[in-house]
């Protein structure tokens with residue numbers, strides 16, 4: 001292996017830059033050349049390559065977003081576009097790829113591998129933490145702390161006005177952000193897709209809360225909650241409990257940005273190095289994750305198809321902590 | 001004057017606790033007794049008084065929200081309730097009031113004054129900064145920095161994906177938060193109620209932006225913008241420019257919370273002291289503000305009725321800074 | 001078991017309040033009474049007990065420091081004082097203890113257990129992360145992020161002036177904070193007690209750095225580094241390389257404070273619940289830690305005497321990441 | 001005027017990048033060419049010029065430090081070096097200069113003006129706020145908030161251990177940072193060079209504090225305090241009051257870094273625009289400041305030689321707020 005390429009794809013996550021930096025520096029450390037591909041698979045198809053030197057990644061470890069940019073590129077499902085992308089890589093002399101992203105990113109990489117055999121290793125970069133094969137994904141800890149900071153601020157105003165807030169956080173298919181930010185923020189209730197809830201339970205819980213000395217009440221709702229979104233649930237609660245002062249806050253895209261936390265920077269650095277070392281060692285078609293604080297390579301198949309379970313014991317904690 | 005009361009009313013704002021602390025400590029410094037009234041005019045009508053000692057306000061200078069809580073109390077428009085409130089004050093031996101809040105708070109205070117003559121001074125506490133008689137209100141600087149931090153985070157993800165974001169910030173009648181956080185966040189456009197805008201101008205500006213090297217684009221929209229809210233404007237923009245990737249983020253109630261900034265703590269402390277010193281000096285029916293870095297007392301009438309202008313020169317800056 | 005007591009002891013750490021809250025709420029959830037002991041063993045000897053209700057711990061999950069306070073109490077090494085403390089506990093009807101702290105705290109608890117048999121479980125609360133029997137201690141993640149935030153700020157000014165900074169972080173016996181904040185901050189060198197270093201190596205590394213395009217250089221030094229403290233090493237470096245602009249920053253006590261991170265709040269909550277559940281299940285003389293994301297009880301003996309190793313692979317990363 | 005240059009010099013301050021951006025964009029807006037000079041006067045003497053386009057300053061408004069870098073360059077006191085710098089400017093076709101920095105920067109600019117007549121306007125960039133001719137300097141508000149955040153953290157640990165902390169903040173000749181961060185942090189005492197203090201007063205104040213319910217005590221000390229530095233004063237206090245647990249924290253260079261606050265970004269933007277507009281209008285040898293929220297040009301002579309007074313009324317507030 002003489003020259004590798006690195007790219008980011010899918011939704012951006014804080015720490016992607018730290019991972020890009022680690023890939024570049026680890027490649028140089030091991031005597032490889034390295035190029036960046038701008039805007040993921042789109043840039044691969046457009047031959048949007050930029051040579052990366054050590055200084056290309058100076059001082060980016062603390063930046064949110066991704067200097068290599070990301071983009072949707074549905075055309076990549078079409079083998080003709082994948083072929084074009086592959087040929088661009090060959091022309092550029094690229095022997096291996098490091099793909100930083102989530103499920104969709106790895107699916108693209110897997111198809112490219114299967115069609116053309118270019119060695120590829122993935123690094124799990126998504127705030128949602130919904131990837132099998134790693135305890136945490138790059139960006140998750142930062143997103144949780146961003147959501148927590150917002151919940152703390154909402155608690156200030158909720159407590160001042162004795163209000164109920166439904167706070168919607170990201171997580172289309174998974175409740176990891178909701179669960180962690182909810183417990184951290186002392187939420188009175190947390191609604192996630194992994195755990196069946198009903199409107200009646202939410203309302204019962206609100207009624208119970210009303211008798212306590214502390215009448216402010218925060219319910220964290222994951223984007224993918226099956227009852228409905230925060231607005232819908234809040235509306236139902238208002239109808240059932242018209243005396244309560246109920247508000248909704250949807251945290252939205254702030255959860256994707258910001259300077260990465262220590263954990264995300266270290267995680268991203270470890271994974272980036274592991275991806276390069278894996279490629280050199282002849283690994284491919286795998287994701288470089290961290291399980292129980294050790295590097296672990298998981299096949300793209302498993303990373304894509306297996307479901308990472310949410311620890312439901314955490315939900316039990318919510319009940320205990322609100323006693 | 002022997003005993004005063006302090007309360008917070010209306011929407012809470014970061015720094016209200018710093019102001020409560022200053023009122024309490026300044027009262028004690030001047031040999032006065034001081035009580036807190038919980039939940040504003042509602043607590044006054046309910047005789048919900050709590051004696052305040054020096055330690056009652058220890059370590060609250062950095063807390064968001066208000067330890068005295070706030071509440072809506074529309075009944076206060078009814079003189080019978082005001083009478084009850086006044087009688088409770090008399091029973092408690094209260095000679096003077098410090099009312100921390102905004103327009104509605106001062107209107108209540110003015111009515112109480114006019115009906116029963118109890119000396120009252122207001123401190124401007126509202127994140128919106130829309131009060132005549134003070135350069136800045138308590139909570140404004142913190143809210144601006146909270147909005148700015150959110151815009152910075154949104155910029156990270158907008159730049160990574162070449163996206164356009166409409167970011168809605170608070171300010172029902174005034175564009176102060178929008179203008180300051182927008183300039184601070186390097187916004188490409190800022191829409192405030194004080195300046196007439198049209199959808200066409202917004203779209204033209206977006207088109208111009210599209211030709212530049214940096215395709216991410218952030219438009220900050222004040223809650224009170226006359227064209228419509230951020231969702232509405234974004235919808236119009238999507239229709240006109242379907243190729244752009246346009247998103248909306250409504251920052252919501254996070255802008256009300258959080259630990260106050262240095263400026264808000266100092267401002268609140270100065271105003272709280274000025275209110276107590278004003279009461280002792282025989283002033284009443286006025287708001288204690290800061291103009292050109294000096295304490296200035298403005299009649300409740302002017303504070304309530306006069307409109308604080310937004311510096312439109314700032315809007316000119318937006319154009320220059322996007323050259 | 002009918003009534004337990006909780007206290008914090010030793011150096012305070014962010015998240016101790018979250019742990020106190022969890023102990024109180026878990027006790028109430030399980031039908032136990034619970035009291036807080038102020039200022040650790042000193043308060044136990046002085047019978048400084050306060051009854052804890054659910055609302056006693058409302059809204060403290062996000063507060064730094066410890067509402068139960070902490071204190072040095074060397075007299076506790078004397079059995080007479082321990083006897084007094086024990087008798088106060090008996091008088092108060094206390095059946096079990098939860099001790100939140102570090103090595104010294106657990107040593108005191110162990111002696112009390114051995115002398116008088118009162119069931120005790122510890123929760124690891126120390127920013128240093130130097131306790132065997134848990135992957136992370138309460139306060140560590142927050143302290144690392146505080147140090148990282150400081151290093152980021154120092155990087156700004158170092159890069160602007162092409163300066164070298166020696167940044168001293170806490171960790172009297174262990175390099176965990178230094179290693180994590182150093183990697184997160186992109187440090188060019190990290191000096192910890194667990195890894196032998198020499199002044200010559202530090203200077204050689206500085207020389208190498210000087211040839212690179214990015215002349216700013218940050219060396220993170222753990223308090224317990226064996227060569228000497230940051231001032232000493234910086235002095236040696238100045239003598240060897242008089243042309244470099246070398247500065248020192250000792251981060252000091254800011255690392256002990258601040259609102260705990262999400263991880264610290266959750267960790268503290270889990271440990272506090274585990275301590276109470278452990279007591280109820282008849283466990284004692286153990287610390288409730290988290291290993292590989294599962295609750296694990298470790299004997300006080302092991303927690304106190306065994307050394308938690310620093311992952312030296314991390315140091316290898318520093319070299320790779322500076323290629 | 002056809003082409004101007006911008007540079008930063010002296011100690012860096014958060015917001016300098018926002019000012020550079022404003023100068024570049026305002027120049028382009030007005031049809032001027034603009035170059036950046038790296039490392040201030042040193043770069044001028046070395047002809048280290050870089051052309052600045054609109055995108056050269058994209059996304060720098062929120063970055064700490066200065067992308068143009070800064071450097072000491074004592075040689076500039078020598079007219080031969082100034083001549084060389086001037087000739088480089090002429091060769092580059094530079095008609096006007098914008099100098100961002102403090103006292104030393106303006107002194108250099110003034111000499112260059114007097115010798116060679118190149119039109120120059122300064123923007124006040126220094127965290128110390130010690131410049132006559134502007135209410136606030138670029139970087140001051142951010143530095144105050146950084147110091148305040150540190151003091152809040154120290155308060156957490158001070159309160160937990162009933163400790164006394166002497167916290168040293170920057171300000172070699174002026175107490176602005178100390179006064180603002182001290183009041184904001186609820187300091188029990190603030191020592192600044194502008195107000196005469198004695199060790200005895202400090203100790204008396206500490207004794208008084210000891211009788212209060214809240215035994216933690218924070219004394220903020222400006223770097224330039226005439227009694228001595230924080231270590232010295234703390235040592236004297238320890239000798240006089242051996243029973244107190246007294247600690248010292250020197251905040252150091254973290255105060256120079258970090259993402260600028262909203263106020264600093266806006267201030268820097270206004271000043272940068274005002275500098276360019278001033279040059280175009282034929283102004284020179286002046287600093288562009290903001291007084292009472294309006295742009296004001298002050299001669300370099302006054303900016304350099306006149307002393308900006310600290311509002312001593314603020315010190316009175318400290319006494320009141322600790323009642």
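Positions of Cβ are set from backbone N, Cα and C atoms, glycine also.
TrEMBL annotations: computationally assigned, not manually curated.
Database features, via TrEMBL:
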type	residues	note
DOMAIN	C:3-278	domain 'Phosphofructokinase'
BINDING	C:11, C:72, C:73, C:102, C:103, C:104, C:105	ATP binding site
BINDING	C:21, C:22, C:23, C:24, C:25, C:155, C:186, C:187, C:188, C:212, C:214, C:215, C:216	ADP binding site
BINDING	C:103	Mg(2+) binding site
BINDING	C:126, C:127, C:128, C:163, C:170, C:171, C:172, C:223, C:247, C:253, C:254, C:255, C:256	substrate binding site
ACT_SITE	C:128	active site, proton acceptor
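Sequence features annotated in TrEMBL and their locations in the structure.
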residue : record                 : CB count, 10 Å
C:11    : ATP binding site       : 24
C:23    : ADP binding site       : 32
C:72    : ATP binding site       : 16
C:102   : ATP binding site       : 25
C:103   : ATP binding site       : 20
C:104   : ATP binding site       : 19
C:126   : substrate binding site : 26
C:128   : substrate binding site : 26
C:170   : substrate binding site : 26
C:247   : substrate binding site : 19
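Comparing C-alpha positions, residue C:105 (ATP binding site) sits nearest to C:126 among the binding-site residues C:25, C:126, C:256.
Looking only at the binding-site residues C:23, C:25, C:102, C:104, the one with its C-alpha closest to residue C:126 (substrate binding site) is C:102.
Note: the CA-CA distance between residue C:128 (substrate binding site) and residue C:102 (ATP binding site) rounds to 9 Å. Comparing Cα positions, residue C:256 (substrate binding site) lies closest to C:102 out of the binding-site residues C:23, C:73, C:102, C:103. In the predicted model, the domain 'Phosphofructokinase' (C:3-278) has a mean pLDDT of 96. The two recorded residues, residue C:186 (ADP binding site) and residue C:73 (ATP binding site), show a Cα separation of 40 Å. Among the binding-site residues C:172, C:186, C:247, C:254, C:256, the ones whose Cβ sits under 8 Å from a Cβ of chain D are, in sequence order, C:247, C:254, C:256. Listed in sequence order, C:54, C:57 are the same-chain residues at least 6 apart in sequence whose CB falls under 8 Å from the CB of residue C:25 (ADP binding site). Cα spacing between residue C:73 (ATP binding site) and residue C:172 (substrate binding site): 20 Å, rounded to the nearest whole number.
Among the binding-site residues listed (C:23, C:172, C:216, C:254), C:172 has its Cα nearest to the Cα of residue C:72 (ATP binding site). According to DSSP, residue C:186 (ADP binding site) is assigned to coil rather than to any helix or strand. Residue C:256 (substrate binding site) falls within a helical segment according to DSSP.
Note: the Cα of residue C:247 (substrate binding site) and the Cα of residue C:104 (ATP binding site) are spaced 35 Å from each other. Of all Cα pairs drawn from C:11, C:72, C:73, C:102, C:103, C:104, C:105, which the record names as binding ATP, the longest spans 14 Å. Proximity of residue C:254 (substrate binding site) to non-local residues of its own chain (separation of 6 or more, Cβ distance below 8 Å) is seen for C:146, C:150, given in sequence order.
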